[in-house]
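Feature annotation from TrEMBL assigns domain 'Formyl transferase N-terminal' to 2-182. The feature N(1)-(5-phospho-beta-D-ribosyl)glycinamide binding site is assigned by TrEMBL to G12, S13, N14. Feature annotation from TrEMBL assigns (6R)-10-formyltetrahydrofolate binding site to R65, N107. Annotation comment: TrEMBL describes H109 as active site, proton donor. Marked as site 'Raises pKa of active site His' by TrEMBL: D145.
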Amino acid sequence: MKKLVILISGRGSNMEAIVRACSNEAWPAQVAAVIANRPDAAGLAFAASHGIATAVVDHRQFPDRERFDAALAELIDSFSPDLVILAGFMRVLTPGFVDHYAGRMLNVHPSLLPSFPGLKTHQQALDAGVRLHGASVHFVTSQLDHGPIVAQAAVPVQAGDTPAMLAERVLATEHIIYPRAVRWFVEGRLALDGLRVTLTPPEPQWLFAGHTAGEGA
Ligand code: NHR
Ligand code: GAR
């Protein structure tokens, strides 16, 4: 039984998708804890109502990133997880923290990496005029949003899109590819070779959500 710890900052819809898939698909895994850096993170209520341990490590209570990360790592390690999952977690993590979880920490980022790392990715995509946008699940390294890519989903950019419209279209694909990627990890099917991730036995590590009902070509 693999143990998972999920870190959130807000709504937690990706966390919810992972909790539901773990249970519905009977993964050999258990979500041991959901931890937020904000006491008001909405996702905490969902986790608690599903009998999952919840905790808050409020970054505002710490003088610097090193001490916040040290407290966070101590709490995470008390659950002895096999995998740490960033799901809408909004604090950049220090190299020491990232190294401690090397090869066992995943993130979902709302862009087709390596395009548009960092914040406001949907606005960045609209400003750049790209016709395809999407989401990437990647292993976390100390280079922000540049770790080995496990899965990606592409969606079209539509005429008249606002960042919110694009974010909603991308988020729907995150809810598909993130649980899938976590499941591959749990099943022991992912191997790392530099920036490349191989899945054994292979299956598509991409999703093209190009024909969504109600949208033009
Ligand atoms: N940490 C490392 N070292 N590497 C990554 O790849 C990380 C990471 C921490 C978080 C998620 C990430 C994303 O998917 C993530 C990946 C927050 C920021 C940020 O600038 C950037 C990227 C990501 C998450 N945060 C501000 C900060 O000062 C705070 C913003 C806020 O609180 O709203 O930490 O995009
Ligand atoms: C998701 O779109 C996720 O990719 C993004 O925030 C949203 C969180 O939604 N993450 C980042 O922007 C990280 N910087 P959720 O809380 O409902 O899962």
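In case you wondered, yes, glycine gets a Cβ from its N, Cα and C as well.
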Confidence over the domain 'Formyl transferase N-terminal' (2-182), expressed as mean pLDDT on the 0 to 100 scale, is 98
Whole-number Å value for how far N107 ((6R)-10-formyltetrahydrofolate binding site) lies from N14 (N(1)-(5-phospho-beta-D-ribosyl)glycinamide binding site) (Cα to Cα): 10
With the fewest other Cβ atoms within 10 Å, the residue among the recorded positions R65, H109 is R65
Excluding G12, S13, N14, please set out which residues of the same chain place their CB within 8 Å of the center of the CB atoms of the N(1)-(5-phospho-beta-D-ribosyl)glycinamide site, keeping sequence order. I8, R11, M15, E16, A17, G43, A87, G88, H175
Same-chain residues at least 6 positions away from D145 (site 'Raises pKa of active site His') with a Cβ under 8 Å from its Cβ, in sequence order, are N107, H109, S111, L113, P114, P117, G118, H138
Ranked by the number of other Cβ atoms within 10 Å of their own Cβ, which of the binding-site residues S13, N14 ranks first? N14
Any same-chain residues 6+ apart from G12 (N(1)-(5-phospho-beta-D-ribosyl)glycinamide binding site) with CB under 8 Å of its CB? Would you list them in sequence order, or say none? V34, A41, A42, G43, L44, F46, A47, A87, G88
Near ligand 2 by the Cβ criterion (under 6 Å), the recorded positions from S13, N14, R65, N107, D145 are S13, N14
Give me the CA-CA distance between S13 (N(1)-(5-phospho-beta-D-ribosyl)glycinamide binding site) and R65 ((6R)-10-formyltetrahydrofolate binding site), in Å, as a whole number. 26
